[in-house]
Amino acid sequence: TLVTAGVYLLIRFNMMLVDMIFLKFLLLLSGLTMFMAGISANYEFDLKKIIALSTLSQLGLMMSILSMGMPDLAFFHLLTHAMFKALLFMCAGVVIHMMNDIQDIRYMGGISFYIPLTSLCLNISNLALCGIPFLAGFYSKDMILEMVSMSNLNLMIFFLYYFSTGLTMFYTVRLLFYLMVNDYNLMVVYNLYDEDYVMLKSMFMLLFMSLIVGSFLSWMIFNYPYMIYLPINMKMMVIYVMLMGLFLGYLVSNMKIYSINKFLMTYNL
């Protein structure tokens, strides 16, 4: 409801809104929404709140590309984002339920050691959210950012778009470090097992969808392909920003903790 109510309504009514001053105002507001949601997701310790703030950031992306006059791209990103974000929320729900309803990510750690399938779905949906190439989020997000690069907007909107993309990678790497790389904390967790087959069946269906739905929908939705003609550095700008966000998130979230894998490797000596 959070995703579809406002965005879908504005996609439907976009013919009424062309050439209004409201759209320029909306572009500024949604760019700032994207930016601030990405910033505040980096300082949260609540698992569901991080995912909700990343949803808010993607909503800012949809609203801003809608206010630039491309409702088909906004709808395309709404559909692809629905796939991997639903998968992400289901994985977070499984993790919280197995942690005895504790949502704080500082209590968690070593998840991939105990619930590997849920961690697989969580990681792939997180990577699709970041826009790793040829997953679902790559097609829509990359096309949106390239249309932004082609448009004649000022440098502030451009900076807000790319910085928010980097921040997405940032909090994703932070989440991955806190959940997967960090050591098993033994604080609250005693009921980690990977046997919730109802959730796993649904999660694997969503995993399959978030792998293929980007190319499938980009083939189905657009009645003509977008001709995007950019220099090579501007084409690769999304990848550059992503790698920089990955590196910065690694530097910030590298908690100097000897994880289980490294700890077991020292026994071989």
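Backbone N, Cα and C atoms are what each Cβ position is placed from, and that goes for glycine too.
Look at TrEMBL and you will find 1-166 tagged as domain 'NADH:quinone oxidoreductase/Mrp antiporter transmembrane'.
Here TrEMBL flags 171-265 as domain 'NADH dehydrogenase subunit 5 C-terminal'. Across the residues of the domain 'NADH dehydrogenase subunit 5 C-terminal' (171-265), the predicted structure has a mean pLDDT of 81.
The annotation transmembrane segment is assigned in TrEMBL to 20-43 (among others).
Per TrEMBL, the feature transmembrane segment maps to 75-99 (among others).
Under the heading transmembrane segment, TrEMBL lists 111-139 (among others). Beyond the transmembrane segment (111-139), the same-chain residues lying 6 or more positions past its ends with a Cβ under 8 Å from any Cβ of the stretch are 54, 58, 76, 80-81, 83-85, 87-88, 90-92, 94-95, 98, 165, 168-169, 172, 175-176, 179-180, 184, 192-194, 199-200, 203-204, 206-207, 209-215, 217-218, 238-239, 242, 245, 260.
Non-local neighbours of the transmembrane segment (159-181) in the same chain are 31-32, 34-35, 38-39, 41-42, 47, 50, 53-54, 57, 60-61, 64, 95, 105-106, 108-112, 119, 122-123, 126-127, 129-131, 141, 145, 148, 237-238, 241-242, 244-246, 248-250, 252-255, 257, 259; each lies 6+ residues outside the stretch with a CB under 8 Å from one of its CB atoms. According to TrEMBL, the transmembrane segment annotation covers 159-181 (among others).
The transmembrane segment annotation in TrEMBL covers 202-222 (among others).
Marked as transmembrane segment by TrEMBL: 228-252 (among others).
Secondary structure of the domain 'NADH dehydrogenase subunit 5 C-terminal' (171-265) per DSSP (helix as H, G, I; strand as E, B; remaining residues coil): 62 helix, 0 strand, 33 coil. Note on the transmembrane segment (202-222): residues 72, 75-76, 79-80, 83-84, 86-87, 90-91, 94, 117-118, 120-121, 124-125, 128, 134-140, 143 of its chain, located 6 or more positions outside it, place their CB under 8 angstroms from a CB of the stretch.
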